[in-house]
Amino acid sequence: MATPVPLVFNAPKRGMPPTHFADLNDEARIEALKELGLPKFRLNQIARHYYGRLEADPLTMTDLPEGARQEVKDALFPTLMSPLRVVETDDDTTQKTLWKLHDGTLLESVLMRYSDRSTLCISSQAGCGMACPFCATGQGGLDRNLSIGEIVDQVRNAAATMQSEGGRLSNIVFMGMGEPLANYKRVVSAVRQITQPSPAGFGISQRSVTVSTVGLAPAIRKLADEEMSVTLAVSLHTPDDELRDTLVPVNNRWPVAEVLDAARYYADKSGRRVSIEYALIRDVNDQDWRADMLGEKLHKALGSRVHVNLIPLNPTPGSKWDAAPKARQDEFVRRVIAKGVPCTVRDTKGQEIAAACGQLAAEESA
């Protein structure tokens, strides 16, 4: 029997990347410009290039003094990530990018194009410390937290890709590598930059941003108090503590009732419906009684402010589990809905290139 991966809340103390423009608040940015001999008004110019025009190279910012561009680049725009590999599938509508960071750490992001929108699945950590046994990322362990700049620049890169195609990046989901609420301050700062209008941010609606969590109950409550209107997605995967202690090890610290209570607090504070993520695993969590229990618990805890997103389990190397058959999915959905809770099956994209939920592993040789 394989040794269980340990649960890790605190990221290893490893060197963070060089300071980037996106890491700094306006006061720190102005101070940095002052040290370069540049006046305060240059901040707006640089911000409009980065967030509005999606440019990250000051050498192309022609409204800056020519002699200062290299200095601005060196001080505020270090190269945070370089693409190692880009793979596409689903008729080129899904694109997974493997990035190498300054210290050799790897991470992945996934851009999904739909007829009516485009969604970027971004990472908040390199690896993940939550140790969920059915998730490739969780089984790989946690390397380190990402910086604000490393999170934000994933968005800028994807937005630039969409712009080059004549489109626009419309949705962001923090469902890539890592537990977003375990890198709380940086994720919240990144969300604010993603959602603020130019020149302070990319101008993506807060309602078009989803922050996922395995159920760090205190952090869910803290996020509610930020008074943002992002969607909260809770990776529940089973309604009973006995199984969830195994499937989602963090449940040993914050059990189902506590997680749902925190989710209710978030729904009340934000006015938003909470999304419940449920990876359906054959003969593990797909039983009729679990569907009934799920519907009952969610209806009691969240009333009309909840929606279940059923995810057919995506295959991962060496996994002993596989997806429940379609007939089982359909019956599970029917039973949850019968308890008064909306439930749909997620349109899974990117399976063929290991870009779907639970498949991101950032392997350089893959």
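Even glycines carry a Cβ here, placed using N, Cα and C.
Keep in mind that this is a model prediction, so the values were computed, not measured.
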- Task: According to Swiss-Prot, G178, E179, S235, L236, H237, N314 bind S-adenosyl-L-methionine; so which of S198, S205, S208, S212 is the extra one listed there?
- Result: S212
- Item | Long-range Cβ environment of G178 (S-adenosyl-L-methionine binding site), under 8 Å and at least 6 residues apart | S123, S124, Q125, A126, G127, C128, T137, L142, N145, L146
- Message: Can you give me the Cα-Cα distance between C121 (disulfide bond) and S212 (S-adenosyl-L-methionine binding site) in Å, rounded to a whole number?
- Response: 11
- Sorry to bug you, but what's the C-alpha spacing from E108 (active site, proton acceptor) to S212 (S-adenosyl-L-methionine binding site), rounded to the closest Å? 16
- Spatial neighbours of L236 (S-adenosyl-L-methionine binding site) that are distant in sequence (at least 6 apart) but have CB under 8 A: G215, R244, V248, V256, V259, I276, E277, Y278, L294
